[in-house]
């Protein structure tokens, strides 16, 4: 009976029984919860899941456990507080999965009892699809609303439509019959601010007035955005993807995916984009979609009461966010799999695909851009690429990798300086300053004045007969008798050379301002600015290669495939490849990025150039550091995230990392059956550990199990309330059988049911490379270190992350050498054969009288600094 209870509780998770009892493959491997401290000292205890030393541990959140799990032998009802988590704590993946399996068994066992139970079973089975459907619908609707509002407010900086105030510039001139081909964006219905205020459309006064109004609206939008974020929802700032990755790994951040964050982020995202800051809305759209998924998950008990299941919904929601951001449903699913998700079972893949499909369908139905496309910069090319062009494509990949490495280092350095100086204490002032500089510098250049998405659209677009952009100001050497899609390569005109200089200035401006903009206290995405930088560089390179092919078509590299009068080079394709390369250099995405950009172009023909550029940018970027921008911000903020991409190659052992260290207090342990309630409560109040190993006795340090601090506290409090005779001197028993006690002794308290009988253990000589791999793949919170069955110490995820940080900084671990590990652990019995006297702590001091050192060991001890 007892083993059956433990089986239901999942305490055999490291044994053969747990493997054979798993109902599916996805139940065998759970995602990892991570514990790490923030860089501010006041958050240490929160992230460790510890109580403050010297205070009583109290539980504030209500909750329940499943009906088959009895925390105390004497209780038949759920205990409040079990199964819930406080803010800044890591979820217990194993417990959550066990709860879900038990819920699933209970529903299946009752579904044949009545029609109502069968209905409940069907509702439970379909609730996953319902929640992702609602998430996709909400994500698509909000994305369409954000796109429409952002376009209108962006054009509001330049003028207003008198015939319909809710029309943007393009919509205002759609129904006008007075537009011309050369000036298709000018119509009587649209009035600039100079025309409204001064009554003139041309001249220096008009230019200055438009300049002033542009700056005024930019500052107004930026100030309103940062004020709303600061007052109502501080979590609405930034991209959100680093925090989403951390939450999906199992960390709890209350309010980050709440309704206030959703509402404020939706409003301020429109304001931030309209202000003209060098940011995008694609990253924050992932945050918006995850907020929708989190809110809708509370409508279904299957997800509202289970944090692990809720993270499956969040993975699907992130796919829907990228789907509506780029109009790339498949790319969104791959983005969720490659970039943000920590635990991604097969059923989550299907639901992510469905959520991305629904979100894309809703956005397509809204048609926010008026082009029957999901994105503004959708393009189609009709000219194939040639083998020689791989060389400039690879050069763009090198540029993207260099840009990514530079941006990550520069942005992290600036964000770190912001945290450590007084400038970071004034976020509103920072946003106003950045917005003012951006508006003042951006207005004179037509390419920086444009909305970033409009800029990317213009750079991606191939020059056709109907294009009036200065980028298409070529000299015509032949008279075409009809309009065709493929226009032969022509010599560049004055407008093209002027546009190249303006693009060079825009490139420098975007590089500098993006470094200082990403991370300010407004919603700020990085996808669009990075793509804009790459598109500018790619368009410049494309025009250069095009002119080289035109003037030197007799060179051997052009002679075979580029004839005179042929359309050989497509500069817009180079812009697209450059955009992918720069985005890949910053985020280090590969497969999902290629698919996203492929879905933008709508053709399979350009996958090879995209793959070559993206892989080159990743290789070049990895040469300067393997971290992407999101992982770098996770480290900067101290978020508890154990990255599966990191490699561990050092030769340290588990004994080098475990706690306690040589000069630390000894490890606090519980004995199996000779401690009282007062002893345990004193240990809980005097320490800040999250759990305690349970050993057999004071004489024998053999491991019995592991008891969590929280479970001990709840068990003792509940026993005192509901069981008579439990006092401070009551013996606490973790053994299967209660030891014989004198008749006058108080009633013992049995706590074996809360004991983890199979804690994960490693030996002291286990390489840390294996230990790190175990933590990543099994999602452990902690593991115990033993030597011949004797408990020596404990390794937590915090210790793992601290050790990885030391390795990165090339700091020698604060650990004794191997020969100290060999001598420092005394056996359970002394040299005289008698049991060694010990108290309720593991003694880790070296025993000098154990045996004499050999000459080699004496030499090592004398020559090594401990």
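Including glycine, each Cβ sits where the backbone N, Cα and C put it.
Unlike curated entries, TrEMBL annotations are predicted automatically.
What TrEMBL says about this one:
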type	residues	note
TRANSMEM	126-150	transmembrane segment
TRANSMEM	214-236	transmembrane segment
TRANSMEM	256-277	transmembrane segment
TRANSMEM	284-301	transmembrane segment
TRANSMEM	313-337	transmembrane segment
TRANSMEM	386-408	transmembrane segment
TRANSMEM	428-447	transmembrane segment
TRANSMEM	499-520	transmembrane segment
TRANSMEM	532-553	transmembrane segment
TRANSMEM	573-598	transmembrane segment
DOMAIN	658-722	domain 'CBS'
DOMAIN	755-814	domain 'CBS'
REGION	846-866	region 'Disordered'
COMPBIAS	847-856	compositional bias 'Acidic residues'
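Contact between the transmembrane segment (126-150) and the transmembrane segment (284-301) holds: at least three of their C-beta pairs are under 8 Å, each pair 6 or more apart in sequence. By the Cβ criterion (distance under 8 Å, sequence gap of 6 or more), the transmembrane segment (428-447) is counted as touching the transmembrane segment (256-277), at least 3 such pairs being found. The transmembrane segment (313-337) makes contact with the transmembrane segment (573-598), as judged by at least three Cβ pairs under 8 Å among residues 6 or more apart in sequence. Each residue in the domain 'CBS' (658-722) has a pLDDT score, and their mean in this model is 85. According to DSSP, the secondary structure content of the domain 'CBS' (755-814) in residues is 23 helix, 18 strand, 19 coil. Assigned with DSSP, the residues of the domain 'CBS' (658-722) fall into helix, strand and coil as follows: 24 helix, 19 strand, 22 coil.
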